[in-house]
Amino acid sequence: MANNFARILSGKRNVGIMSLVGAGSLTAAFLLNREHVTAGAQVRRVYPASADYPDLRKHNNCMASHLTPAIYAKLVDKATPNGYTLDQAIQTGVDNPGHPFIKTVGMVAGDEESYEVFADLLDPVIKERHNGYDPQTMTHPTDLDSSKLKSGKFDERYVLSSRVRTGRSIRGLSLPPACTRAERREVEKVVVDALAGLKGDLAGTYYSLTHMTDQEQQQLIDDHFLFDKPVSPLLTCSGMARDWPDARGIWHNNTKTFLIWINEEDHTRVISMEKGGNMKRVFDRFCTGLKEVERLIQEKGWEFMWNERLGYILTCPSNLGTGLRAGVHVNLPKLSKDPRFTKILDNLRLQKRGTGGVDTAAVGSTFDISNLDRLGQSEVQLVQTVVDGVNYLIECEKKLEKGQDIKIPPPVRK
Amino acid sequence: MEKINDKMAKLTIKRLSPEEEFPDLSQHNNHMAKVLTQDMYTKLRDRATPNGFTIDGVIQTGIDNPGHPFIMTVGCVAGDEETYEVFKELLDPIIEDRHGGYKPTDKHKTDLNPDNLKGGDDLDPNYVISSRVRTGRSIRGFCLPPHCSRGERRGVEKMSVEALDSLSGDLKGKYYALKNMTDAEQQQLIDDHFLFDKPVSPLLLASGMARDWPDGRGIWHNDTKTFLVWVNEEDHLRVISMQKGGNMKEVFNRFCTGLTKIETLFKDKGTSFMWNEHLGYVLTCPSNLGTGLRAGVHVKIPNMSKHAKFEEVLKRLRLQKRGTGGVDTAAVGGTFDISNADRLGFSEVELVQMVVDGVKLLVEMEKKLEKGQSIDDLMPAQK
């Protein structure tokens, strides 16, 4: 643990770590001194933990389920080396008691070290959210060898589009809830420099949100690529929308099949997508692109946040591990009305969303179907789960069309 | 050399250079953006208040909200009383620009003696639908809403409710905590137009003052529903006196009596309101310093409001117009919210006097315009 932090503190740039020492005089201001600090540094506290403990009686999110007064008292005096505190990490869960469609996580990480410093709360949250994955004893497999994927081409009479997304964070820079403007700009610079090195069918252009022309903006909207300032209070309460649109932007390749969001909910969100059902090609491009970007940032002395306990580190604990959501927009008019639909999805380890994404309901009979899991399974395993699962759903739909009965499949994993 | 306070703990803050951190304000039009330079930012970012509030905390709302359609916003907030000292270099010019040239060396007069108000009991109720005076108060020793912890916010609530519960006579009333209110209570408060809800304005949200909603927030009002206190909304306390009709004198009487009583109750408990002789009453937003007072009426002036000289008249009278929904709204059907434009550099009595005299004149002008007469001979001088 100490080695990890030491490496970050002596990182690529000349970053000054300062500490603030307060004083009692009403009118005195305080100068920040330069000092190296270690994880678990002290935090300013005026009240005892019991007076600051949030009222979570009406709350239903993972943070609220696991934040006992004892854990709060233990962690509230600590901060990460970047000064990020427990109160900041849980603010979004305090401000958002519940969500109509899903049990939300209710907390975020401000930096890589959050997952260590606040492990007493994050580990049980991770365990609940990721189906029993225990960060203290288990290791996460990373596998971006897309050649291992079997039969990834869907029947295009049903599957309208295929998409794989993940996120990546740049080690040594704070995450969106906590980053300063300069850190955010640094993320943009590092990633855009790397992306400029992509070639062939991956070659593309960056569009900064601050500088895009009206014409570029309209094109990005028409392509359904443009992301806007988040409106979901789940996100805004965590502080990740500060200074919008400074250092935010969209990069995509010329063929519009590989897209990267910079500084939205994570440092980067990487998306490979196409119309139609060729998930194999989507996943091939995804893996090739990711590995190429990683190589390019490593040339400049940077790396992604990753460890074998938690896989790829992202802002939301729900995206740890692979951070991967592989999905399709699929038309299932008969199956979606069958009362067994939900159970079938559960057993296949799949999730349904509306075609507008996570906070939407389906329109008509076209659903967004994707993997439920993120952590504890590799990228190849998760995409395979989606391929096998969606093929099964299509088989069910075909059977129902012919008036035949369908079966609920056995659970694919415990 | 700085003194060390044993209550204080260390905060660690990783920083890149001030040039790299400086916000992009090229699209911005608020007071903060007008004043903040690279040099000023470089100097101020090495400081923090004793409670750990930094320059980035002060200016975040102004960075996130480049401009407002109806008014030139301030673009910064205070996280505690000390903010106004520690970040003087930024806040003094903003205060000067916002408050009509108020200098760092100027002194502010406080006058809450309602007997000093002349007239004000006879605004024509055929035009003046309602009268209202509001201000804010902050409790010394607690951080302000952008920066307070849950414990502090609850402390403010507890102390305020204790003080309010001991009011008597026509000020006697009851507290409704936002998080404990019954459906029936909530509906009644909505019907009375008393209930405040979680702010939606990004100006407020971006400053962090809506954290932990609705914990520690509530509404207190007297039994006759003419004196109302909001706890922990944009300020520790917002105090409102209001009634239907045009008797501003009575509204102001109750306002002063209530405030004075509450202040006495706090002093008995060993604390006080944040106040100093330069800035008057200290509140979250620099626009509310001094008196924090907005005295206003809802008045029907359909003819006057369409007159070419309407804005000029308001300007000379030192009055401001708003829609009847408050600061972020437009007027509906010729009924306007007319109130004092100033907050700092004039006393409470002086400001309410301006409203009383000014509204009287506007109503006279409206009556003349109704009869098709000119208002040229009624044009006021610049106050």
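Glycine residues also receive a Cβ, built from the backbone N, Cα and C atoms like all the rest.
Curation does not apply to TrEMBL; its annotations are automatic.
Per TrEMBL, these features apply:
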DOMAIN    B:14-100  domain 'Phosphagen kinase N-terminal'
COMPBIAS  B:99-112  compositional bias 'Basic and acidic residues'
REGION    B:99-119  region 'Disordered'
DOMAIN    B:127-369  domain 'Phosphagen kinase C-terminal'
BINDING   B:130-134, B:His193, B:Arg238, B:294-298, B:322-327  ATP binding site
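The DSSP breakdown of the compositional bias 'Basic and acidic residues' (B:99-112), given as helix, strand and coil counts, is 0 helix, 0 strand, 14 coil.
Sequence-distant neighbours of the compositional bias 'Basic and acidic residues' (B:99-112) (same chain, 6+ residues past either end, Cβ-Cβ under 8 Å): 88, 92, 256, 259-260, 275, 277-281, 289-291, 342-350. Taking the Cβ of B:Ser130 (ATP binding site) as centre and 10 Å as the limit, one finds 18 other Cβ atoms among all the protein chains shown. Less than 8 angstroms from the CB of B:Arg238 (ATP binding site) sit B:Arg134, B:Thr135, B:Gly136, B:Val229, B:Trp230, each of them six or more residues away in the same chain. Counting only residues at least six positions away in the same chain, the Cβ atoms of B:Ser131, B:Arg132, B:Val133, B:Arg322, B:Asp337, B:Ile338, B:Ser339, B:Asn340, B:Val355 sit under 8 Å from the Cβ of B:Gly296 (ATP binding site). The local packing around B:Val133 (ATP binding site), expressed as other Cβ atoms within 10 Å of its Cβ over all shown chains, amounts to 26. The Cβ of B:Arg322 (ATP binding site) has 20 neighbouring Cβ atoms from other residues within 10 Å, across all protein chains displayed.
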